[in-house]
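Novice: The structure is given below, and queries will be raised subsequently.
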Amino acid sequence: MGFTEQYDVVVVGAGHAGCEAAMAAARMGLRTALYTLNVDLIAQMSCNPAVGGIAKGHLVREVDALGGIMGEVTDAVGIQFRLLNTSRGPAVWSPRAQCDKQQYRLKMREVLESEPNLKIKQAEVADLIVEDVSDPTHPERMKIARGIKLRDGRTVGALAVVITTGTFLNGLIHCGEEQYPAGRSGEPASVLLGESLKKMGLRGCRLKTGTPPRLDGRSIDWSKFAVQPGDAEPTPFSFRTKKITQKQVPCYIAHTTPETHQLIRENVHRSPMYSGQIQSTGPRYCPSIEDKIVKFPDKETHQIFLEPEGLNTYEVYVNGMSTSLPIDVQLRMVHSIVGLENAEMLRPGYAIEYDSIDPTELQRTLETKKIGSLYLGGQINGTSGYEEAACQGLMAGINAALAVKHEPPLVLDRTEAYTAILIDDLISKGTNEPYRMFTSRAEFRLHLRIDNADRRLTPHGRRVGLIKDEAWHAHLAKQQRMDELKMTLEKTRIRTSELPVELAEKFGNIDGSTVVQLLKRPESDVAAFEQIIRRVQPTFFERGDSEREFVSDIRNELKAVETEIKYAGYLDQQTKAIDRLKRSEQRVIPEWFDYASVSGLSREMCEKMQRVRPQTIGQASRIPGVTPAAVSLINVYIEIQGRKQKATT
């Protein structure tokens, strides 16, 4: 058929997933079009004006390491940076940044428009153009995507289509008793495309999410709240960011009161979630304030955070108070909090229901099983959060481009990336609630740290064409610097007199010990040895005209070296365990294996295994509800019971 326009890759939806997908395909040399309902709202932060957080920060680092753009944009517009979980081990350290909401979308648009292979188009996509085919290599696949049809009748041909529509498919907003179709507040829902996907035979379900009210900062008594400052030395998201230059501002901590809780209890019947108006499932780990009060009735107060939405606005995001209660109740609820007695509400909170596609309909490349050349990424796959969306969009865009170029797909292993864990969980087990990433979902999280995301994934980005020469050479130089520093510290022996007084008192006499030996002690850190490092390897600090421009670079690399030294033994153990796990994917589970004998295996897991009786470890890992930890336990006990069997025969 004839098309109005023709592209290699078409991306539908310009949220966080769509931006990554479109940019990836375009940077890989393909003519790409990004379609959105409103070009002025590209990469709009629909909810929290922040990027990162526990595990989410890991995802952003991985997106950056592969050649994505979320990290660089966040670094350019972040107005408060905090490294979370620093009281725990480095495996779970995670960066988070409060962003200037307006500047974020403007910067993202600037980056997208700088790519010559990418065209941004404003139009409503109404339908997919699908061709019936017979493919002997994929007998289950009888259709292939050939392009899209716009509401105005134009047709756009494409060799691959990526759909990243977020909450827009048949979106329905709820605020008290009021409900109306919308993709998010003030924007229309994508009804025609939603119905089109249903007709294609793709299984789906309705999911729900919500957002809190926004307040006018000029009407808030800031003196009543505890100040939550950012880090004095911000940790960037991008490995290519040398220094954070944006002005930094604090957030504030407030608390709900008994009056708040009583007000919610008296009006909970007016909440769509409790009146029966909303039937779909919301995010378990981001509950509404109604949910918190109902499910934790004994809790006297709940913490909330007042977060600025930007440097050029007074709008304040009330983190922790997501709600779909009626507007009059929301206003009274806000006024019941100390310091917010006179606060003016700029926007009310609301809940939104939307269509998602069952992610078990997808292959590991995020291409649909039933329709070839059709890829899905982001909330349409059942996830929640900007970061989860971005990593999926990036992978969908990469694999769509690779397919068009007839090159092998990029499929990451769950032992090398949180991105892979997210995708593997979704396609293997599906989800009936918005999926959120946690570090606890990883079997080998000490290997999946934020500091080594580039070491793990940048070679993949280079292979597919997203890491250009300058960035690649910088990456290689960094790895060489760090390797050389580790070797130098292994050879450098020092005297007690060279140590800072406090450390010398803790260590006692350490004459003749190497720096590596001392760094392995829990009470030491690399900062104490900076002067020694400057003496034995001054080139480590030589980064150009001004060392000050590379402060975060140097600090992060030193910390990464310290982590690899301090946890070397554990890392070696996990490397061996990873090798064993990869080999065991195909390991047969003997018929005689006794699940009840596995210490630490919950009754629920045991019952699932006894009922299904999987034949291999790989099959067991894909049973819905079976955790990676349970699979690891079974894997270990197969070895133990196998040795016992041999000993008795």
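For all residues, glycine too, the Cβ spot is worked out from N, Cα and C.
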Novice: Pick from Gln363, Gln379, Gln479: which one does Swiss-Prot list with Gly13, Ala14, Gly15, His16, Ala17, Gly18, Val125, Ser190 for the same FAD site?
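Specialist: Among the candidates, Swiss-Prot records only Gln379 at this FAD site.
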Novice: Between Glu290 (NAD(+) binding site) and Gln379 (FAD binding site), how far is it from one CA atom to the other, in Å?
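Specialist: Cα to Cα, Glu290 (NAD(+) binding site) and Gln379 (FAD binding site) are separated by 23 Å.
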Novice: Taking DSSP three-state, what's Val125 (FAD binding site) in: helix, strand or coil?
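Specialist: The three-state answer is strand.
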Novice: How long is the line from the C-alpha of Arg284 (NAD(+) binding site) to the C-alpha of Gln379 (FAD binding site), rounded to the nearest angstrom?
Specialist: 15
Novice: Taking the Cβ of Gln379 (FAD binding site) as reference, which residues of that chain separated by at least 6 in sequence fall under 8 Å from it?
Specialist: Gly15, Ala17, Thr165, Gly166, Thr167, Leu207, Tyr354, Ser356, Ala389, Pro434
Novice: Give the number of CB atoms, excluding that of Gly13 (FAD binding site) itself, located within 10 Å of its CB.
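Specialist: The answer is 31 other Cβ atoms.
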Novice: Measure between the Cα atoms of every pair in Gly13, Ala14, Gly15, His16, Ala17, Gly18, Val125, Ser190, Gln379, the residues the record assigns to FAD, and report the largest value in Å, rounded to a whole number.
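Specialist: The two farthest binding residues have Cα atoms 18 Å apart.
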Novice: Measuring Cα to Cα, how many angstrom lie between Lys292 (NAD(+) binding site) and Gly13 (FAD binding site)?
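Specialist: Here the two Cα atoms are 33 Å apart.
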Novice: Just checking, which of Gly15, Gly282 (binding-site residues) has the fewest C-beta atoms within 10 Å of its C-beta?
Specialist: Gly282
Novice: What is the separation, in Å, between the Cα atoms of Gly13 (FAD binding site) and Val294 (NAD(+) binding site)?
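Specialist: Answer for this pair: 36 Å between alpha carbons.
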